[in-house]
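The annotation ATP binding site is assigned in TrEMBL to Lys125. Under the heading compositional bias 'Basic and acidic residues', TrEMBL lists 12-29. Taken from TrEMBL, the feature compositional bias 'Low complexity' covers 32-54. Summarising the annotation, TrEMBL assigns domain 'Protein kinase' to 96-381. Residues annotated as region 'Disordered' in TrEMBL: 1-57.
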Amino acid sequence: MNELIADPLHSLNKEQTEQREEKEQERQIYHQQQLQLQQQQQQYSNSNSNNNSNGFEQKRILKNVARVYRDVNENQPKESYDYENYRINWKDVSRYEIIQKIGRGKYSEVFSGIDINTDDEVVIKVLKPVQKLKIQREIKILESLDGGTNIIPLLDYVKDPLSKVCSLVFPFVNKTDIRELVNYLEDYDIRYYMFELLKAIDYTHSKGIIHRDIKPLNIAIDHSKRKLFLLDWGLAEFYHPFKNYNVRVASRHYKPPELLVNMYDYDYSLDMWSFGCLFAGLILDRDPFFAGENNNNQLLKIVKVLGTDDLYKFLDKFGLSLTEEQSQMIKPRQKSSWERFIPYENEDIATPDAIDFLDKLLRYDPTERLTAKEAMEHKYFDVLKSRDNSINLNK
Ligand SMILES: Nc1ncnc2c1ncn2[C@@H]1O[C@H](COP(=O)(O)OP(=O)(O)O)[C@@H](O)[C@H]1O
Ligand SMILES: [Mg+2]
């Protein structure tokens, strides 16, 4: 009897101990990396009197952790985020008929098609042969986000038994590229779609997931239905505090500074930078807003707008350093005012509130950026809420 009671407790304790050990290991790896980094910094500043921190002392090494939704995954059973051990039960491909090619990404070819059981129009994302793990991750994430506001729902996943080609099936969105759409959208509609996008981003983060590839091409808007979907979960990842991630994510023009200076412990705020770039592109009629030709040039393009003072403050705070090539390339620079980027024709949409909103998104320091929730509370969106209220009141 005693044994029966003791057993589940024992296995619970074992699980907790294992989890604790895993976390401790992660912390130790992190500290080792930080030590190496410190040594590298030391060597670098010894060998280079022109050190990158512009006279700032390296005061402390601070670990970056998400300000919100930090322990979402830690509070879930392991199966909910463990895509590595996730077995996919591929379905029969013959249910779908391809109509025509409609898109192409880095990792897939996308076709419109028909579900012959229902006659529904679908999109078939045929995955290029990539690592099995990446496919497991994309499916696991889409399943975790199922039913989320403005998240493209995954209808099915199928495998051709002969070619072994894997495909994901989604509902077809009759979309217009947001960069074209913006030319005939009213100010109100831009705010509306940005708010819809933030709903999707906040939902994603609330489920412990970082999208890691927010950009115009990964958004589908069906303007006739006033519906927006966030697409492409191929680079998305589960967030765990103290975990070091791959910095080779996101499309170059939407990459935040932390990726460009090899900060491995980034978090959800990565998406808020990319969102900020997308927003800047729309309201300032300049997409991509930071049009770097390679990763170092991308950082330079950012510095030319945000200046060097805040860059060095960010690097010093987290004990990060620039590569030698980067420090040679980056010269001291003042932060520009956002107003100088507003084209005459855009004065009606790049309002003071829009600029204030943008300024609070595009910050070097990830902890200074608005979170998706905070962004939704910004006064830029007040007009949507007041119109909603007046509609409700009139009902
Ligand atoms: N459900 C959909 N409805 C309409 N177009 C889509 C849909 N899903 C994807 N697309 C189009 O296909 C392109 C590539 O799909 P995406 O999921 O982004 O794949 P990749 O990972 O290869 O970039 C998208 O940029 C978009 O234009
Ligand atoms: Mg894509």
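Cβ coordinates are placed from backbone N, Cα and C, and glycine is handled just like the others.
If you average pLDDT over the domain 'Protein kinase' (96-381) in this model, you get 97.
Less than 8 angstroms from the CB of Lys125 (ATP binding site) sit Ser108, Glu109, Val110, Ser167, Leu168, Val169, Phe170, each of them six or more residues away in the same chain. Annotation note: Lys125 (ATP binding site) sits in a strand segment as assigned by DSSP.
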